[in-house]
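Visitor: Pulled these from Swiss-Prot:
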SIGNAL    1-20  signal peptide
DOMAIN    21-84  domain 'Sushi 1'
TOPO_DOM  21-971  topological domain 'Extracellular'
DOMAIN    89-148  domain 'Sushi 2'
CARBOHYD  Asn121  N-linked glycosylation site
CARBOHYD  Asn127  N-linked glycosylation site
DOMAIN    152-212  domain 'Sushi 3'
DOMAIN    213-273  domain 'Sushi 4'
DOMAIN    274-344  domain 'Sushi 5'
CARBOHYD  Asn294  N-linked glycosylation site
DOMAIN    349-408  domain 'Sushi 6'
CARBOHYD  Asn372  N-linked glycosylation site
DOMAIN    409-468  domain 'Sushi 7'
CARBOHYD  Asn492  N-linked glycosylation site
DOMAIN    525-595  domain 'Sushi 9'
CARBOHYD  Asn623  N-linked glycosylation site
DOMAIN    660-716  domain 'Sushi 11'
CARBOHYD  Asn682  N-linked glycosylation site
DOMAIN    786-845  domain 'Sushi 13'
CARBOHYD  Asn800  N-linked glycosylation site
CARBOHYD  Asn823  N-linked glycosylation site
DOMAIN    849-909  domain 'Sushi 14'
CARBOHYD  Asn861  N-linked glycosylation site
DOMAIN    910-970  domain 'Sushi 15'
CARBOHYD  Asn911  N-linked glycosylation site
Amino acid sequence: MGAAGLLGVFLALVAPGVLGISCGSPPPILNGRISYYSTPIAVGTVIRYSCSGTFRLIGEKSLLCITKDKVDGTWDKPAPKCEYFNKYSSCPEPIVPGGYKIRGSTPYRHGDSVTFACKTNFSMNGNKSVWCQANNMWGPTRLPTCVSVFPLECPALPMIHNGHHTSENVGSIAPGLSVTYSCESGYLLVGEKIINCLSSGKWSAVPPTCEEARCKSLGRFPNGKVKEPPILRVGVTANFFCDEGYRLQGPPSSRCVIAGQGVAWTKMPVCEEIFCPSPPPILNGRHIGNSLANVSYGSIVTYTCDPDPEEGVNFILIGESTLRCTVDSQKTGTWSGPAPRCELSTSAVQCPHPQILRGRMVSGQKDRYTYNDTVIFACMFGFTLKGSKQIRCNAQGTWEPSAPVCEKECQAPPNILNGQKEDRHMVRFDPGTSIKYSCNPGYVLVGEESIQCTSEGVWTPPVPQCKVAACEATGRQLLTKPQHQFVRPDVNSSCGEGYKLSGSVYQECQGTIPWFMEIRLCKEITCPPPPVIYNGAHTGSSLEDFPYGTTVTYTCNPGPERGVEFSLIGESTIRCTSNDQERGTWSGPAPLCKLSLLAVQCSHVHIANGYKISGKEAPYFYNDTVTFKCYSGFTLKGSSQIRCKADNTWDPEIPVCEKETCQHVRQSLQELPAGSRVELVNTSCQDGYQLTGHAYQMCQDAENGIWFKKIPLCKVIHCHPPPVIVNGKHTGMMAENFLYGNEVSYECDQGFYLLGEKKLQCRSDSKGHGSWSGPSPQCLRSPPVTRCPNPEVKHGYKLNKTHSAYSHNDIVYVDCNPGFIMNGSRVIRCHTDNTWVPGVPTCIKKAFIGCPPPPKTPNGNHTGGNIARFSPGMSILYSCDQGYLLVGEALLLCTHEGTWSQPAPHCKEVNCSSPADMDGIQKGLEPRKMYQYGAVVTLECEDGYMLEGSPQSQCQSDHQWNPPLAVCRSRSLAPVLCGIAAGLILLTFLIVITLYVISKHRARNYYTDTSQKEAFHLEAREVYSVDPYNPAS
């Protein structure tokens, strides 16, 4: 609740005379609203004003209903007003002499308020708050005043000539107030502008004076003159004029005005030089003179035409050859006339109609082309212009430059797998553009490094490929993946049976940028120990891990007694297999060994003077047990627990309860009364105890009366502390008591070895006293001899000679079997502590690396075209197209190293040529034709020719025909040749027969060999020779 509200409550409670007095409706305001109120409006009611969105409230926003005469109600202050917001409104700093601001700060915008308070010893008249109005004035009331409460006042200030002050027509002035002086127009204030009334009743300074203000003479005006009035008082005007060739820039006159605390001339003009624009250029000509952009007034330029451009063509100047820079009516520089022109004087020159393929003419189309005519070309969509798009008809009747050509733009060059192209983010690929390819580390480029865009819009040669590079190992291997170097991942690896992928090693490979190849490792699959079964055992060892494929066989233990056996339930053999989990698993659950029993049943059991304390009731089956206890006064004789055996009897026999013979009368006695009857119970002690004497227990019964039992007394046997040895210690150093059976172990300090028994035990001697089992050992200094054991590397081998033991600094070189990778150092050394440093390495099985797809060979194929993954051991077979010969191994095998066993073969084109002499050949061969490898031809001769040789031949890999091509011989030589041939055949036959008869005659052995390899067949034919011109022959 505000102060006004509190006042209203106060009036309502304290001044009951105001009850029933009310105020009229609050004054309305434009563009505003009044808070809700109810009628009648009682004294003490507060109403609030607010303005619409774009209006500002000027004045107090709340009014209070009060009464001054206790008769009528009235509002305590006038209503505020709402002014439309003026964003440009700005009020000056408000000053209240004798007061100060308590709220409000600069700048003062429309609607801002300032609240004042008076200084000490001053009181306020007027409203303490004022608002900045749209008219840049403070309102809605005048600024408040602060009146001094001191009795001393300053006297009234005198008037000054040609000036005024803020306290004119005012009497004395209260201390703390100030007076401001100002001069009339044309005068300057000399002295203090503001003087203050002091508390002493005196002014802080003497009143100032107002002196007439005058401007200084303007002096010389560059490139012109100025006309000044005789007296340069405030308000006079000076006029400016420019020399010829200059023009006035700025106002033509300047005025003497007051400026701050002095006087000055208003802005003065300058005389700027008049310039003409650059002389207009002319086609086929030039001008002599100033060629700058701004040419001075009065300058002259002279025009001339260019030299003859070519033979038969010259230029003629038409118009005035000289121009002068002058001014127009607007004082703007201009040339005295238009520029001349140079026109050609040509003979009859005519150029042919220009042509362009895959393009068109976009301008300059004519039926006839003469000297200097130009045409502009553009290409069809998808083609690029090569050359100048504009050509000109010259004086020789030809086009220059020559007509362009339209070439097709290439598509973006393709990306390659495992590589990149250097296209510099180009979006357009014109003919002639070259793109360079490169491969990522670990890959090698196959094909040309660069391709080029041809005018047909295609790339040539074919785009290269990035094939997997062979790793040239540097010998460096990392067990963790490198973070900032290229690693070629292994995605094709697999492990053999009994192994699974587990971890990787990274082999560094040589290259322009060293890179790494991931090698997957195989971990042997192992199973946990096979389950242990009750009443049975398995053939497995006591290993913690069992290798994959291990089989164990279960058997049952022998029967616990005769007639009882254990039967194996389940599979007797289980095998270590693999699953998708981290470890191997057994192929099945372990079997069970269950008892195989006949119908066993023992008789009902009962003892006199006793009772059963545990066990079931009858009937009793195998291994059922019963436990007995005797009644008080009876002693159990026999075993307290019996068991039902397989033979239907109890084991041991059923006990009996016998009446106790000794009824205890008193506590044990150390001395036996004379004449007493004694019964010995036990005269010795258990192991670990020493007999120290006897005691006597008094007994009494009806038959014997009083008698005594002799009872032995036993104490625990102790040993003295074991001996301390030099350069060593034993495990009982911190113990105080050593009982019978306790054991201590000795060990020596570093550099000493133990001589004697390592362990001693507390025992008893012949007299029953405690003693150690032997003498204490000794610690002797160790001789400087080093013996390292023979290092065993599973899946590996030693490169140097093997010994049973190794001495200090002996070095062993080890390596892993093929298919395994080493984890550790290949070189180990025998250390003085009989160990190998840096430790015996291990060999980890490498994963089977899948081979990459085998390379294709031009003009051939292989059998692996539809196979996605090539595992170790897989093979492919290459073959060539018809007419091509396979060069290299046809069969390639994928190795465990992930490479192919041989380089891929290639297909070599093999051709056989036709013979140079083809006379008489009618069919089978064509002149100058090349025949592919394997081709078979069958020859036929023309009439009058005879075939000599085999009619069929085949093209071989050495480019030769096999058998050699036959020839066609003219039949005119046939009779002679046939006769010679017949004679040679007959002569050969006779020689063979003669040699055969001679050899048989000498050997006197005749036999027949039926072997097809050595058999021969002779057939004699009659040869006819026919002369077509002599039928009689």
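Cβ from N, Cα, C; glycine included.
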Visitor: Only counting partners 6 or more residues apart, tell me which same-chain residues put their Cβ under 8 Å from the Cβ of Asn861 (N-linked glycosylation site).
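Guide: Listed in sequence order: Tyr878, Ser879, Asp881.
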Visitor: In sequence order, which residues at least six apart in the same chain have a CB under 8 Å from the CB of Asn294 (N-linked glycosylation site)?
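Guide: Correct list: Phe275, Cys276, Pro277, Ser278.
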Visitor: Spatially, and counting Cα to Cα, which of the glycosylation sites is closest to Asn492 (N-linked glycosylation site)? Options: Asn372, Asn623, Asn800, Asn823.
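Guide: Minimum Cα distance from Asn492 (N-linked glycosylation site) across Asn372, Asn623, Asn800, Asn823 lands on Asn823.
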Visitor: I'd like the Cβ neighbour count for Asn127 (N-linked glycosylation site), meaning other Cβ atoms within 10 Å of its Cβ, all protein chains included.
Guide: 17
Visitor: Report the nearest neighbour of Asn127 (N-linked glycosylation site) in space among the glycosylation sites Asn372, Asn623, Asn911, comparing Cα positions.
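Guide: Result: the closest of the glycosylation sites to Asn127 (N-linked glycosylation site) is Asn372.
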Visitor: Based on Cβ atoms within 10 Å, give me the single least packed residue among the glycosylation sites Asn372, Asn492, Asn623, Asn800, Asn823.
Guide: Asn800
Visitor: As a test of reading the model: what is the averaged pLDDT for the topological domain 'Extracellular' (21-971)?
Guide: 84
Visitor: What three-state secondary structure does DSSP assign to Asn127 (N-linked glycosylation site)?
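Guide: Assignment for Asn127 (N-linked glycosylation site) reads coil.
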Visitor: Cβ-Cβ under 8 Å from Asn911 (N-linked glycosylation site), same chain, 6 or more residues apart: which ones?
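Guide: Non-local contacts for Asn911 (N-linked glycosylation site): Gly883, Met930, Tyr931, Gln932, Tyr933, Cys955, His959.
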Visitor: In the three-state scheme derived from DSSP, which category covers Asn911 (N-linked glycosylation site)?
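Guide: It is in a strand.
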Visitor: From the Cα of Asn823 (N-linked glycosylation site) across to the Cα of Asn372 (N-linked glycosylation site), what is the distance in angstrom?
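Guide: One finds 85 Å between the Cα atoms of these residues.
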Visitor: Whole-number answer please: how many Å between the C-alpha atoms of Asn121 (N-linked glycosylation site) and Asn623 (N-linked glycosylation site)?
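Guide: About 122 Å separates the two Cα atoms.
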Visitor: Please list the DSSP helix, strand and coil residue counts for the domain 'Sushi 4' (213-273).
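Guide: Split into helix, strand and coil, the domain 'Sushi 4' (213-273) gives 0 helix, 31 strand, 30 coil.
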Visitor: Looking only at DSSP and grouping its letters into three states, which state does Asn823 (N-linked glycosylation site) belong to?
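Guide: In three-state terms, Asn823 (N-linked glycosylation site) counts as strand.
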Visitor: Take the C-alpha atoms of Asn623 (N-linked glycosylation site) and Asn823 (N-linked glycosylation site) and report the distance between them in angstrom, rounded.
Guide: 58
Visitor: From the Cα of Asn823 (N-linked glycosylation site) across to the Cα of Asn800 (N-linked glycosylation site), what is the distance in angstrom?
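Guide: Each residue's Cα considered, Asn800 (N-linked glycosylation site) and Asn823 (N-linked glycosylation site) end up 19 Å apart.
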Visitor: Note down the number of other Cβ atoms within 10 Å of the Cβ of Asn121 (N-linked glycosylation site), including every protein chain shown.
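Guide: The answer is 15 other Cβ atoms.
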Visitor: Going by DSSP, give the three-state secondary structure for Asn623 (N-linked glycosylation site).
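Guide: Note: Asn623 (N-linked glycosylation site) is coil by DSSP, not helix or strand.
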